[in-house]
Each structure stands twice: as structure tokens, then as C-alpha cells.
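Q: Could you have a look at this structure, given as C-alpha cells, before my questions?
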Amino acid sequence: MSTNFEKHFQENVDECTLEQLRDILVNKSGKTVLANRFRALFNLKTVAEEFATKPEEAKKAIEYIAESFVNDKSELLKHEVAYVLGQTKNLDAAPTLRHVMLDQNQEPMVRHEAAEALGALGDKDSLDDLNKAAKEDPHVAVRETCELAINRINWTHGGAKDKENLQQSLYSSIDPAPPLPLEKDATIPELQALLNDPKQPLFQRYRAMFRLRDIGTDEAILALATGFSAESSLFKHEIAYVFGQIGSPAAVPSLIEVLGRKEEAPMVRHEAAEALGAIASPEVVDVLKSYLNDEVDVVRESCIVALDMYDYENSNELEYAPTAN
């Protein structure tokens, strides 16, 4: 999961046509830097979200975004594309996401993100494919993501969503699981215990995670950091994602430690790099630079884009829109 780039790259789409944005996203020129491709992606997302008022343009934006799945070599970009499609709330994206989730030629990190996006869309028509992948996919992260997506769709449409009293979140993202409801009145130690209990359903552990995120204190951050000891790579990558959302320097030491784990799954390390870029505190620069030649593509690319984010956060630029090239 990856939303922490969006707040840095989203700009008004008036500067480019949809076709120009598509050409930037798919790197038609062969010369477009990765950061500009992300900028184009999030601009197209803005259009795709307007399906209620501009259905034809929104559908075209979905189609243009989906072109990235065809021949692109950047696993990082494709997984971000899947994430973005899920966040649009536009069900026109569901058929493409189902295809990507089931396509064994796509990288597991991309297929996992496609499954998560189907959960974010709340697409009931995807339940059969999600159940199939949850049982049969060869990669555990994809199976676990399908389990979460199934639970989220059932929570959305089964009545629980309307009955629970959830804290008003500071974050606009549609997450893999909702936070635990306020009526649970759990303390931070209790939430930490649930977070780290492998006997509990993954969906419930995620709910504890997002409740801790919404609390957002240093104590909650330290509780979340204990989740980096979990066995599940999917779970650990979500902890890193949450830290990027919170944006607190208190999370930096644990993120640096996780990024440095050479034996760790790439999806975890890359998410830690993104989170460090989103936090954008001065001490992260040298750390990110030290991984610019990392042997893992998604880690290296995440550091490149994270440093671009840092430069923007610490510049006086007022405009950060893509340019056609």
C-alpha cells in the first residue's frame, strides 16, 4: 500500500491534457523521470474521481492509468497505479484490477496491491475472484491481501459500517481495514497486544493498527513499531505505510532499521523508504542517499522518489505539476 507520495505530487490538471498526462505516465518519450510519472498519475486520479459529474473523462482517465500495467518495467509504479485505482472509488477500475490480481505474469507486489484496491472499491462483484486468489495464489502476501479485501467488502456491505462509531480520521485514504470503533475503548497497551497477536484474524489486527494510527501519539507510534517483529511481510509493510501517513519523526529510528534489513522483503523495505521520504526530516536524507544503489529495484526507486519528495518539501516551489516531454 502506498499513498504517501500523493500529497507531494498532486497538482491541478489544467496544465496538461489527459493525453499529455497519459504520455507522461507511460513514459512515451522514454525520457520521463519517475517522479514526473508519479505526478501525472495523481493528476489522472483527480479526473478519475469525478465519475459522478464527468463520467466520460473519468472513464478515459481510468483507461489511461491502466495502460501502465501492460509493458511497464517499474514494479514500484505499477503497484502505485493499482493503489490509485482503488482510491478513486470508481468501479470502472474493477475489471482491470481483477485481471491484474489474477495475472501471474505481474509481480506479487503489484497483484497484492490490485487485490487491496478491490477491497478499497468495496466491489462485491470481485468476491469470487478474491476468494479464489485467497486460496490458490502462490504468494502469501497476495493471499493475505485477498483475505483482508474480502473482510473489508463484507464489512462495507454487511451493515457493520453503518452501526460502528469510528473516530473521524485525519486521513483521506481508504484503508485495507477500518479502525476499531470508539466503543471498544481500548487502551494503547491493549491495542498493541491485539496488533501483535498472531492468533487473531488479520483483519482485526489491522483494525488495531489503524486505531493506533488515528491516536497518533508517540506512545501509539512506539506501539506500532513493535509490529515490525511480525512474521508477515504484508503486515510489516502496512506498519511502514502508516508511519508515513502519521509523518512523525518519532517513527524515523524504526523505519531506518527496517530499511537496513537486507533480508527483509522488498515490499517492506520500499515502504519504509517511502515513509521516510514522507516524514521529510533532515536526518533521513543521508539514509535515503545510501540506498540509491540498492540491488533491489523497488527499494532503489523508492529512495529516488523519496528524495525528490524531500527536495520539494524543503524548497520554495509553489507549483509541482508535470510537464509534457
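Think of each number as a place in line: the chain as shown, counted from 1.
Quick reminder: no glycine exception, Cβ is built from N, Cα and C everywhere.
Annotations per Swiss-Prot:
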- His79, Glu80, His112, Glu113: Fe cation 1 binding site (BINDING)
- His237, Glu238, His270, Glu271: Fe cation 2 binding site (BINDING)
- Ser2: N-acetylserine (MOD_RES)
- Ser126: phosphoserine (MOD_RES)
- Thr187: phosphothreonine (MOD_RES)
- Ser281: phosphoserine (MOD_RES)
- 77-103: repeat 'HEAT-like PBS-type 1' (REPEAT)
- 110-136: repeat 'HEAT-like PBS-type 2' (REPEAT)
- 202-231: repeat 'HEAT-like PBS-type 3' (REPEAT)
- 235-261: repeat 'HEAT-like PBS-type 4' (REPEAT)
- 268-294: repeat 'HEAT-like PBS-type 5' (REPEAT)
Q: Averaged across the repeat 'HEAT-like PBS-type 1' (77-103), what pLDDT does the model get? Just tell me the whole number, please.
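A: That stretch averages a pLDDT of 98.
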Q: Restricting to the same chain and to residues at least six past its boundaries, which positions have a Cβ under 8 Å from a Cβ of the repeat 'HEAT-like PBS-type 2' (110-136)?
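A: For the repeat 'HEAT-like PBS-type 2' (110-136), the list is 1-2, 69, 75, 78-80, 82-83, 85-87, 89-91, 93-94, 97-98, 100-104, 142-143, 145-153, 156-157, 174-176, 234, 267.
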Q: Reported as an integer number of Å, what is the Cα distance between Glu238 (Fe cation 2 binding site) and His79 (Fe cation 1 binding site)?
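A: Per the Cα atoms, Glu238 (Fe cation 2 binding site) and His79 (Fe cation 1 binding site) stand 14 Å apart.
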Q: Between Glu271 (Fe cation 2 binding site) and Glu80 (Fe cation 1 binding site), what is the CA-CA distance rounded to a whole number of Å?
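A: One finds 11 Å between the Cα atoms of these residues.
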Q: Using Cα coordinates, what distance in whole Å links His112 (Fe cation 1 binding site) and Thr187 (phosphothreonine)?
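A: Cα to Cα, His112 (Fe cation 1 binding site) and Thr187 (phosphothreonine) are separated by 31 Å.
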Q: Among the modified residues Ser126, Thr187, Ser281, which residue has its Cβ surrounded by the fewest other Cβ atoms within 10 Å?
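A: If we count Cβ atoms within 10 Å for the modified residues Ser126, Thr187, Ser281, the smallest count is at Thr187.
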Q: By DSSP, what is the split of the repeat 'HEAT-like PBS-type 3' (202-231) into helix, strand and coil residues?
A: 26 helix, 0 strand, 4 coil
Q: Have a look around Glu80 (Fe cation 1 binding site) and count the other CB atoms within 10 A of its CB, chains all included.
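A: For Glu80 (Fe cation 1 binding site), the count of other Cβ atoms within 10 Å is 26.
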Q: In the repeat 'HEAT-like PBS-type 4' (235-261), how many residues does DSSP assign to helix, to strand and to coil?
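A: Residue counts for the repeat 'HEAT-like PBS-type 4' (235-261) by secondary structure: 23 helix, 0 strand, 4 coil.
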Q: What count of other C-beta atoms do you get within 10 angstroms of the C-beta of Glu113 (Fe cation 1 binding site), across all chains shown?
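A: Taking all protein chains shown, Glu113 (Fe cation 1 binding site) has 30 Cβ neighbours within 10 Å.
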Q: Consider the recorded positions His79, Glu113, Ser126, Thr187, Ser281 and say which one has the Cα lying nearest the Cα of His270 (Fe cation 2 binding site).
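A: Comparing Cα positions, the closest of these recorded positions turns out to be His79.
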Q: For a quick check of packing: other C-beta atoms within 10 Å of the C-beta of Glu238 (Fe cation 2 binding site), how many?
A: 30
Q: What's the CA-CA gap between Ser126 (phosphoserine) and His79 (Fe cation 1 binding site) in angstrom, rounded?
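A: Counting only the Cα atoms, the answer is 19 Å.
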Q: Per DSSP, what is the residue tally for the repeat 'HEAT-like PBS-type 2' (110-136) in helix, strand and coil?
A: 25 helix, 0 strand, 2 coil
Q: Taking DSSP states H, G and I as helix and E and B as strand, how many residues of the repeat 'HEAT-like PBS-type 1' (77-103) are helix, strand and coil?
A: 23 helix, 0 strand, 4 coil
